[in-house]
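Data first, discussion second: the structure below is written as structure tokens.
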Amino acid sequence: MFEIKAKDNRGRVGVLKTKHGNVKTPALMPVIHPRKQAIDVKKYGADIVITNAYLIYKDEDLKQEAIDKGLHELINFDGPIMTDSGSFQLSVYGDVDITNKEVIEFQELIKTDIGTSLDIPTAPFVTREKAEEDLEITLQRAREAIEYRNSQNMEMKLNSVVQGSTFPDLRRYCADELTKLDADLYPIGAVVPLMESYHYKDLVDVVMNSVAHLPDNKPRHLMGAGHPMIFALAAAMGCDLFDSAAYILYAEDDRLLSTRGTYKLENLQEMPCSCEVCTKYTPDDLRAMDKKERRDLIAIHNLHVSFAELRLVRQAIYEGSLMELVEERCRVHPQLLNAYRQLANYMDDMEKYNPRSKKSAFFFTGPESLYRSEVKRHMNKLREMPKKRDLVILPPSRKPYSKFISGKLGEFYIYGSERELDLEDTDFMVLDIPFGLVPLDIDEVYPLSQNESPKIKDVDSIEFIEDFISEFVEYYDQTLIHSRVIKDLEIGLYNKHSQSDEIRFKKDDLRKIKAIADYQFGVGAGEALFKGNIKIEKSKKTGKIRHIYDKGVIVANMRASDSFLVLSKEGAKRLHNSMPYPENRVVVNEDSVPFARDGKSVFAKFVVDCDENIRSNDEVLIVSEDDELLAYGKALLCAHEMGDFNTGQAVKTRKGMKK
Ligand code: GUN
Ligand code: ZN
């Protein structure tokens, strides 16, 4: 029912499949009022809508019409329709006259595509006792709904809503319990009060604790989120669906939505965008209109900006610039910036979903960028890499650094025990923002060259880097720090100053490809892959390494765009022989062994295990349960997703090992 097409951090572009058509996610579902609807939302970009089954149920005429003609005809929409259950009315009025079972039955009767059980939206910041009490009812109703749907062979898909107020552990518990059910979608509920009161930081805690415990193969819906200002952030946290009554509620109130916030018509001198409404009318024109005409035009503007933002979010996921978009959006309000800073606490989780290579470069847009998962990943990797005796720290040059650093390197300060440098036993690294230290042998690998930051450093970045280095140099006997590094960053970490202008970084292609292999596949991969009589072939045009052979047999290719290695059959064998199970492996069940060996791509449902370090787009080995190498290829899902998905491809096989 749900497939992932592209990913960036926890954000995903997906396809939600329904009987009434497919929907590209992240998607916005405009809220349709079953009686008062004045705007044809399809015309402005809606592929899916949401309406309220309880409101229909409570109105005798609507109820009869919905039963007779079906929901789609009732609201005149031929695409997929989701219905809500009356829970929101429950949270506002304290009571509804419908039972959980009745609302499930009714939603099936009127032929909704996706129905919802009668969850209890527990408000934020209530007592723990209240949150726990409500949660048990929500869970019990979710179980009842699924059991009832299954026992009656109902056709509709079902939402199971995550509740738990603002208690992170209750959100996790709820998500865990709901994951055990056979629900089709997982909304995250009771977040409207958080958004209305600008508690975006708490929203981050609620969403991250929920999604981290929900299955990856089901769409998640951030219930009641309809302001385009938060779409990018919510999508980056793994939300796939949004619903908006905001477009019409704000319009009723003469307020115009924008990714920069909300504009009151009374304050507008200029129209805020280039949609059909903003280009045709001035604020004075709108103010002069009668209420209904004005409301509809503002609602149309609101829909335009909302759908435009979702297109931008999806494009950002495709190109790998979602976090840059989030960083931009979160600067429109200090509480959003606070939320983004809170997200830094979840970057270990984000890292697990984030592909290692992207089409677009990493842009540093401020000190918050230092906490992004790419930076964290590199710093963790750096701590695992094999170390030489001494370290030379160089100032940044143009990128790739290894190409532009040359000649005499100048004056150095020494930290640690002073001794002659043995160039064979020395690591060379460039100090730069945001990646801290970048070893010159791997500096072409994404994103270590594919990033940009301002030359003028901010104090947070300097402190961040200083803290990292002072910890990192402890691994080395002696560290020589270039005088310009000291000057630029005011690093206080040295004993004395010496003339060391004989130091030179000597490029060595074999050492470089081994270092890249270690960085990519794990320590030891370089020695295993590139042993023997290695010959390196470079591009005549760019001078970059392209093919790596051992006695005429190709072992690996180096991808020009990101400098990652792509294995050949021989390379796959070498990696398999040298790295212990389950490293770099996707393990398939017995049934799919012949298919994999034959070079067929691996479907997610056949995957029984895999290396937890696999990320989408990684080069991986495909093995049987007794670790026979069957094939090799490119992962399309990360390790967590491989465990959760039962449909779609998991690995795009490059080649089977069949002779
Ligand atoms: N609409 C907005 N919030 C909620 C919620 O928590 N539950 C349901 N069912 N609908 C909502
Ligand atoms: Zn507009």
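Note: Cβ is positioned from N, Cα and C throughout, glycine not excepted.
Database features, via TrEMBL:
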- D84: active site, nucleophile (ACT_SITE)
- D119, A190: substrate binding site (BINDING)
- C273, C275, C278: Zn(2+) binding site (BINDING)
- 584-658: domain 'PUA' (DOMAIN)
Sequence gap of 6 or more, Cβ distance under 8 Å: name the residues on the same chain that satisfy this around C278 (Zn(2+) binding site), in order along the sequence.
M271, P272, H301
Cα-nearest neighbour of A190 (substrate binding site) within the listed recorded positions, D84, C273, C275
D84
Using CB under 6 Å from any atom of ligand 2, narrow the recorded positions D84, D119, A190, C278 to the ones that qualify.
C278
Give me the Cα-Cα distance between D84 (active site, nucleophile) and C273 (Zn(2+) binding site), rounded to a whole Å.
32
Would you mind sorting out which binding-site residues among C273, C275, C278 put a C-beta under 6 angstroms from ligand 1?
none
With DSSP assignments reduced to helix, strand and coil, which class does C275 (Zn(2+) binding site) get?
coil
Which whole-number value in Å describes the distance between the Cα atoms of C275 (Zn(2+) binding site) and D119 (substrate binding site)?
38
Counting by DSSP, what is the helix, strand and coil composition of the domain 'PUA' (584-658)?
17 helix, 30 strand, 28 coil
Cβ contacts of D119 (substrate binding site) (under 8 Å, same chain, 6 or more positions away):
S85, S87, T138, R141, A142, S160, V161, Q163, G189
Cβ neighbour count (within 10 Å, all chains shown) around D84 (active site, nucleophile)
28
In all the protein chains shown, the tally of other Cβ atoms within 10 Å of the Cβ of C273 (Zn(2+) binding site) is 17
Any idea which of the binding-site residues A190, C275 has the thinnest Cβ neighbourhood at 10 Å?
C275
Could you name the residues, excluding C273, C275, C278, of the same chain that surround the Zn(2+) site, i.e. Cβ within 8 Å of the Cβ centre of those residues, in sequence order?
M271, P272, S274, E276, V277, T279, H301, H304, V305
D119 (substrate binding site): secondary structure state under DSSP, collapsed to three categories
coil
